[in-house]
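The block underneath contains the structure these notes are about, expressed in C-alpha cells.
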C-alpha cells in the first residue's frame, strides 16, 4: 500500500530540513501543510522553502495563492487528497510537511461538512457582539468548545464568532465537528513529529525572527499592508508589524511581540500534537544534527506494521 509520511512539529523546529532529506531519500515530492505558505506574497514571514530548496524538491501548496484569495482547511483537504491520489500513480511514498494544526487534521483525518448557518442565529450572535463586545462571545465559546477556545487566535473575532455559530447551530463543539469522524484514506499515514527542549526551541524562534527582519520582513509586510483586513494576514509576524505601521507599536516592541506570539503559538502546537498517539516523536540532539538512521528505521517498521 502506498504511503504518506507526514513531518510535523512546532514552528522553527526544523521540519523543512527533515522533509527535504526524506523527499530526496524516497525520490518524492513534498506537500506543504502550512496555511500561510500558500500565499505567494509572504515568503519571508512564513519561512517558506527557499528557491534552492524548491529547486531541489518539487513542492505543492507553496506560493499558489494570493492573500486576497479565500481558502480554508476544507478546500485544502479536497485538493490535497485529489493530488495525492494522482501522485501515488507515480510515487510509492509522498512527503507532507507542516505545522498548521487544522490543515494537518484535514489531511490525515478529514473534516466534516460545515452546515449553513441560520441567518437568525447569525443576527442574534452579531447583536450580542455589538452590544456586549467580544468578551461575551469568548465566554460562550469557552463553555461550548474549550478545545477550540484554547487553539484559536482570540483576537480573530471573525473566526471566534464563526466557531460559536457552529457550536450553537449543531449542538456540538466546533473542534469535534472539524475532525470528529476519521475518514479512511486510500494510503498509509506515517506521522513523524519533531520537537526540541523548550529553551532551544525558543532560541531558534528568536534567531529566525531576527533573520526574517534582516531578510526584508518589514518591507514584505509593508507591501501587503493595504490588504491587512484579509484573514490571510491575521497571522503572527504581520499583524504586529501592522501595529507598528499604525503607530501603535515601536519597531523594537513589534519584533519582540512577534517572538513572544510565536513562542505562544509553538506551545499551542505542541499541546495539540501531544494528543495524537500516532505520532512518532524525535528529539534532535542539537540544532544541526539529526539521527537519520533511527528515523528511517522507524518509517520502515511502521510501513511493515501498516501493510
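Cβ coordinates are placed from backbone N, Cα and C, and glycine is handled just like the others.
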For which of the residue intervals 26-29, 30-33, 34-37 does Swiss-Prot record region 'Interaction with substrate tRNA'? 34-37
How about long-range neighbours of the region 'Interaction with substrate tRNA' (34-37): same chain, 6 or more residues beyond its ends, C-beta under 8 Å? 45-49, 61-63, 71, 73, 76, 97-100, 102-103, 232, 235
The region 'Interaction with substrate tRNA' (34-37), counted residue by residue under DSSP: helix, strand, coil: 0 helix, 0 strand, 4 coil
Which entry in the list of recorded positions, 15, 122, has its Cβ near the fewest other Cβ atoms, using 10 Å as the limit? 122
Determine which residues of this chain, when 9, 10, 11, 12, 13, 14, 15, 16 are set aside, have a Cβ within 8 Å of the centroid of the ATP site's Cβ atoms, and list them as they appear in the sequence. 99, 194, 204
Using DSSP and three states only, what is residue 122 (site 'Interaction with substrate tRNA')? helix
